[in-house]
Ligand SMILES: Nc1ncnc2c1ncn2[C@@H]1O[C@H](COP(=O)(O)OP(=O)(O)OP(=O)(O)O)[C@@H](O)[C@H]1O
Ligand SMILES: [Mg+2]
């Protein structure tokens with residue numbers, strides 16, 4: 001049985017897709033068979049970030065509606081073994097997703113994969129609810145600002161009450177926070193919430209802090225999940241997060257202001 | 001302030017519609033005071049808190065979280081109460097071991113105890129018990145109400161932030177005092 005992990009946030013544009021791509025790639029690189037599904041029907045972009053947009057033939061909605069089978073729609077990643085992408089449809093709308101359809105696809109994927117990552121759309125409407133409904137674990141992505149934290153709080157409430165686990169009274173969805181686009185300088189200037197502030201409000205385990213980094217945009221323009229860019233701060237922060245996800249203990253880096261050029265040159 | 005006390009048969013539908021209308025225009029609805037039972041019920045379904053409901057029969061409120069049954073008259077919540085969630089201890093006290101988020105609402109017919117930070121709304125004595133109190137370890141609430149007498153954050157602002165306080169009714173005035 002696969003572990004189903006939803007990457008969700010409430011607020012849009014906080015880094016869910018970036019995180020889904022990084023975590024899925026990281027888990028696959030660690031040797032776990034992983035599938036990542038784009039639930040953002042109508043606005044697909046996971047395939048862009050994963051660099052496989054030219055290889056999309058069938059999508060998630062085609063599989064749900066029976067126009068294609070799963071093997072036809074799954075795209076095998078070219079760089080990393082053990083990794084497959086199930087892209088969203090660009091042309092259909094969110095109503096094309098049904099709970100039964102999603103359940104069927106997840107069940108079928110569960111036979112072959114260890115981890116299934118669900119990249120949720122923003123908001124708390126149908127698409128987001130379906131992405132979260134079957135989850136065993138959640139990675140809640142937030143940016144260090146009040147509105148994003150508020151939305152994450154709302155989403156945590158939904159995970160605790162509107163998921164299959166909650167409805168069945170099973171063990172609750174395991175919730176972890178990923179704080180993305182963190183800028184220590186801006187925290188210092190009081191323009192952003194600090195990690196401590198956010199943790200105080202959300203009271204949830206911290207999976208990682210991803211620094212605000214140019215490397216993210218560069219990587220996504222190149223169609224390479226940023227976790228594969230070993231030399232970048234964001235790449236390393238995602239590597240730490242995946243290691244923690246798999247149970248390793250690692251200290252949080254990137255919480256204090258970046259070192260100058262010399263500092264970086266001489267490492268540490 | 002909109003008086004719904006005079007609304008008759010069509011009241012429930014009107015309330016639901018009015019609530020949607022006001023919210024869509026970004027207005028904050030504090031709650032409903034007075035009214036026939038059907039109105040109160042409609043208000044509750046529209047997600048409006050009840051203030052000063054007088055003799056009206058208590059109504060089931062929609063909670064976004066299934067809760068255990070109150071034990072010995074009180075309901076114990078071990079998890080944080082998150083934005084968008086509402087917890088109501090009907091017929092007793094409410095004890096929240098963690099924090100109450102902004103945008104969350106906790107209500108009790110009796111007292112409300114919060115062992116974390118109160119950042120959302122807390123309403124004690126929602127069926128009119130003026131002896132009911134609110135206790136919390138850190139007061140940063142959006143709204144406080146005892147037996148329908150409420151204050152919004154603007155009115156009490158920084159009083160009680162960062163220290164344990166209690167909120168109670170003195171005559172008709174809401175008082176906030178350190179514990
Ligand atoms: N750590 C980061 N540093 C800098 N930019 C980032 C970081 N994380 C994400 N971004 C940028 O933020 C934007 C949104 O990222 P992404 O698409 O991953 O968010 P999302 O939550 O999936 O958005 P949506 O809600 O639209 O699905 C992108 O332009 C991305 O490059
Ligand atoms: Mg996205």
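Every residue, even glycine, has its Cβ placed from backbone N, Cα and C.
Quick look at what TrEMBL lists:
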- A:3-149: domain 'AAA' (DOMAIN)
- A:11, A:12, A:13, A:14, A:15, A:16, A:17, A:18: ATP binding site (BINDING)
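Positions of the features from TrEMBL, shown on the structure.
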residue	record	contacts (Cβ under 8 Å, 6+ apart)
A:11	ATP binding site	A:122, A:142, A:143, A:147, A:148, A:151, A:152
A:12	ATP binding site	A:122, A:123
A:13	ATP binding site	A:122
A:14	ATP binding site	A:141, A:142, A:143, A:148, A:180, A:181
A:15	ATP binding site	A:9, A:141, A:143, A:178, A:180, A:181, A:210, A:216
A:16	ATP binding site	A:7, A:8, A:9, A:119, A:120, A:122, A:141
A:17	ATP binding site	A:38, A:40, A:45, A:46, A:49, A:119
A:18	ATP binding site	A:49, A:180, A:216, A:220, A:226
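Taken in sequence order, the binding-site residues A:14, A:16, A:17 that lie near ligand 2, meaning a CB under 6 Å from one of its atoms, are A:16, A:17. The ATP site is defined by A:11, A:12, A:13, A:14, A:15, A:16, A:17, A:18, and by the 8 Å test on Cβ atoms against their centroid, the other residues of the chain that qualify are A:9, A:19, A:122, A:141, A:180. Here the domain 'AAA' (A:3-149) returns a mean pLDDT of 95 for the predicted model.
In this structure, residue A:14 (ATP binding site) belongs to neither helix nor strand by DSSP; it is coil. Here the domain 'AAA' (A:3-149) is broken down by DSSP into helix, strand and coil counts: 59 helix, 28 strand, 60 coil.
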